[in-house]
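**Student:** Got a structure for you, questions after.
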């Protein structure tokens, strides 16, 4: 326990030193004009960050809101689209994993659609839905759907044959086989897929919001670029990264609790 704590302290100290060196190098690059005149400085970013975060929930009208409202809008879209994708992909993954003919029939379609960037569907979403909010959610559904579906199918295919034989031999009802055998056996793989999909969804929503406009942290970044407020963009990038880190750690904590032997 003592050695582990020592290693963690060393890791924290090393991280702080690297961060300080990065900031010093950044400031040196700005001061010596190695970067363009638009390049933000650490001091400028800090000052702008304090200004933005001093009132992150202000409302001055539909198009003028605090940065946390933008962040919450993006989170709402991501979580809603992510949940829709999970509700569709997990049951479908179980079905395709167990029904070979259906899996073979749909596999070509899945392999064609899976590599397509979700952002390529954005114009289709706008044309069909005529709404920026629903289009953003639509794009998130597509970005999260395929990793969850593919990993669920793979997890079902790798259920230990002994468990399946026992359920057949004992005449276990389907609902009981799913809840007591299939789901516990596939849960680690499914949660891994959920973790990957959530991270991907958070990446995609930023770009999607830059294109559809309205509100959201991606729209905030694009709006600040139009104003050439690079300091505010860096502040937003830090918040985007921290939010993604928190989301990943939440599912990572859940993943550590799931074991099946």
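Backbone N, Cα and C atoms are what each Cβ position is placed from, and that goes for glycine too.
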**Student:** TrEMBL tags one of 78-97, 98-117 as transmembrane segment - which one?
**Tutor:** 78-97
**Student:** Ranges 136-153, 154-171: which does TrEMBL label transmembrane segment?
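**Tutor:** In TrEMBL, the transmembrane segment feature sits at 136-153.
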**Student:** As a test: from 12-30, 136-153, 202-225, 232-251, pick the stretch that has the greatest number of Cβ pairs under 8 Å with the transmembrane segment (78-97).
**Tutor:** 136-153
